[in-house]
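The block underneath contains the structure these notes are about, expressed in structure tokens.
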Amino acid sequence: MGPGETLLAGLLVMVLAVALLSNALVLLCCAYSSKLRTRASGVLLVNLSLGHLLLAALDMPFTLLGVMRGRPPSAPGACQAIGFLDTFLASNSALSVAALSADQWLAVGFPLRYAGRLRPRDAVLLLGCAWGQSLVFSVAALGCSWLGYSSAFASCSLRLPPEPERPRFAAFTATLHAMGFALPLAVICLTSLQVHRVARSHCQRMDIVTLKALMLLADLHPSVRQRCLIQQKRRRHRATRKIGISIASFLICFAPYVVTRLVELVPFLTVNAHWGILSKCLTYSKAAADPFTYSLLRRPFRQVLAGMARRLLKRTLRPGSTHNSSLDLASMVHQVLKRAPRPASTHSSSLDAENDSCLQQTH
């Protein structure tokens, strides 16, 4: 294994560890909080995190072995099963992100009617459509024997068939990426633009209120006025930054792999192995980035994590704290008893003195 493969293997190990830990935290938060899992967005997040967790646990380790060994798994039929999971989970991940963007647009654009427009059972139906579409492409690839070990990507996924089947495979690959990449990207961009428009209108209303308040309160200290203006600028850029991060993460993670797959179809072009593995690692990095983009960095999840941490600390500190307090109480009582006078001993000494005087008088 050369230095390039070593660097790619280290990157894959880091992505694998972060994906496992972050998605497990998201599922733990949804299991702990009933408010998170009973919403439509909670159902979508559970589906996304569960898919990412399966991808990290069942697909990434075999790609890591492919990078290190340079060959597929030795078990018969294992590579086809892993390729089936890879195709299914990658397509489902992109469609789930698109569903989350649509849910965010409904929540921001129609806040009063959101609960009636998208209920948890509607989210389940939406996810059923996404799973059905992903399953159709995976079953079609498996039925056509297009799943196997691809040396250009060091993974079990779609592989180039013999020359007579290339036109059918090219049509299938183009349709797969059109429905699993271009369609979700269009949905994300359209819904993000709508969310940005609504957020800008809200910010403009808040800016007007802030300016009127500053005009009425003319005797405010200049530092307070400056702080209000800074908060006003932050509100303007916050929505743009969040929307830009979601679109950029989708493009950076999926676009290189999709373009490389389409370039692979050109007969006179070959894919460099290092670039193919790197593009595959970028698609895997989506499983590590989505929990932070859509869950863990948001206030409801941070509050749930803080509550879980407080409860865990109380359980771990309770036996030690009571034991330490009992030890401190025992030491205090011991010190008090040590310093206090002893009435029984003084009484016995006085009785001994009286007995000695009586003996002396009798003698």
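Glycine is no exception: its Cβ is also placed from the backbone N, Cα and C atoms.
Unlike curated entries, TrEMBL annotations are predicted automatically.
If you look up TrEMBL, you'll see 345-363 marked as compositional bias 'Polar residues'. Positions annotated as domain 'G-protein coupled receptors family 1 profile' by TrEMBL: 22-294. Annotation source TrEMBL lists region 'Disordered' at 341-363. According to TrEMBL, the transmembrane segment annotation covers 6-32, 44-68, 88-112, 124-149, 169-190, 243-259.
With Cβ pairs under 8 Å as the measure, the transmembrane segment (169-190) is packed most heavily against 88-112, out of 6-32, 44-68, 88-112, 124-149, 243-259.
Among residues of the same chain six or more beyond the transmembrane segment (243-259), those with a C-beta under 8 A of the stretch's C-beta atoms are 94, 97, 101, 177, 181, 184-185, 188-189, 192, 195-196, 278-280, 282-283, 285-286, 289-290, 293-294. Here the transmembrane segment (124-149) has Cβ contacts under 8 Å with residues 43-44, 47, 66, 71-72, 79-80, 83-84, 87-89, 91-92, 95-96, 99, 155-159, 161, 165, 168-169, 172, 175-176, 179-180 of the same chain, all six or more residues outside its ends.
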